[in-house]
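Colleague: Dumping the structure here so I can ask a few things about it.
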Amino acid sequence: MNLTFYKYQGTGNDFILADNRNGNYSQLTVEQIKKLCDRRFGIGADGMMLLGEQEGYDFEMLYFNADGNEGSMCGNGGRCIVRFANDIGIKKNEYHFIAADGPHEATIDGETVSLKMKDVEGIRRYKTDSVLNTGSPHYVQLDTDVMHLDVFKEGQKIRYNKDFAEEGINVNFVQVKNEDSLIVRTYERGVENETYSCGTGVTAAALVFHHNDNGFNAVDIETIGGNLNVRYNREIDGSFNNIWLKGPAIRVFEGAINIADND
Ligand SMILES: N[C@@H](CCC[C@H](N)C(=O)O)C(=O)O
């Protein structure tokens, strides 16, 4: 099979994108996707997305982690697939698409894509840390010097502890710069390594470190791969709504690759 692909990145979280509106790539196997994402034997990426058709929406987003398995929601991936939709001719002022965690809205302004994330019911305390689901499951831990942390080692410890090992969890280490700015580094489930940025992860961090208990919050976030912004509303009952993730989504290159049936 010949796959025509497009490579995108959102703050260094990089993805292989393919237009699957004709269903040509629906039979890709876990092993094939894993090999396409491999940085030595394939194209190389943190994940892969297929853009498909879905009645009532502009498109469907199907997301796979670098290990080849279907993942849950990917925030940076969501922003990149909106840009991809625009690039392949799906032109809208406001996008409505469906992903693993439900419907999403998005807008494009130059290189910047703003993506509406799903509402979050609340945050669960786990020891001195926090656990929440922003479309994907996230663990959030405060750290005073995040740039000197061994994110792979510390992230792996939490991701594979007995409470999370089976389902898996993404692990975010957060340094608070001031009340409305954070630095976040993330160990990602399914990549099983640190990525340069994680959209659902920075969203989780921004919700945990809210400064207005009731009402509007806006947080700037530094990641290894660039800057993101998260704004949202926090209700008095501890739930969150109107959550928007904003940042760059950029096309890097495109190409074609032959996939052998036995890959
Ligand atoms: N990089 C993503 C998160 C992808 C989902 C995750 N690895 C999982 O399946 O748990 C993001 O930008 O949100």
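Placed from the backbone N, Cα and C atoms, the Cβ positions cover glycine too.
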Colleague: To which of Asn93, Asn170, Asn172, Asn217 does TrEMBL also attribute binding of substrate at the site defined by Asn13, Asn65, Gly75, Asn76, Glu188, Arg189, Gly199, Thr200?
Modeller: Asn170
Colleague: Name the residues of the same chain, 6+ apart in sequence, whose Cβ is under 8 Å from the Cβ of Asn13 (substrate binding site)?
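Modeller: Once residues fewer than 6 apart are set aside, Asn13 (substrate binding site) is near Asp46, Gly47, Cys74, Asn76, Gly77, Thr195, Tyr196, Ser197, Cys198, Gly199, Gly225.
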Colleague: Can you give me the same-chain residues 6 or more apart in sequence from Gly75 (substrate binding site) with a CB-CB distance under 8 Å?
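Modeller: Those within reach of Gly75 (substrate binding site), by Cβ under 8 Å and sequence separation of 6 or more, are Leu115, Met117, Thr134, Gly135, Cys198, Gly199, Thr200, Gly201, Val202, Thr203, Leu245.
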Colleague: Indicate the candidate from Asn170, Thr200 with the smallest number of other Cβ atoms within 10 Å of its Cβ, considering only these binding-site residues.
Modeller: Asn170
Colleague: Report the member of Cys74, Cys198 (the active-site residues) whose C-beta atom has the most other C-beta atoms within 10 angstroms.
Modeller: Cys198
Colleague: May I ask you to report the DSSP-based helix, strand or coil state of Asn170 (substrate binding site)?
Modeller: strand
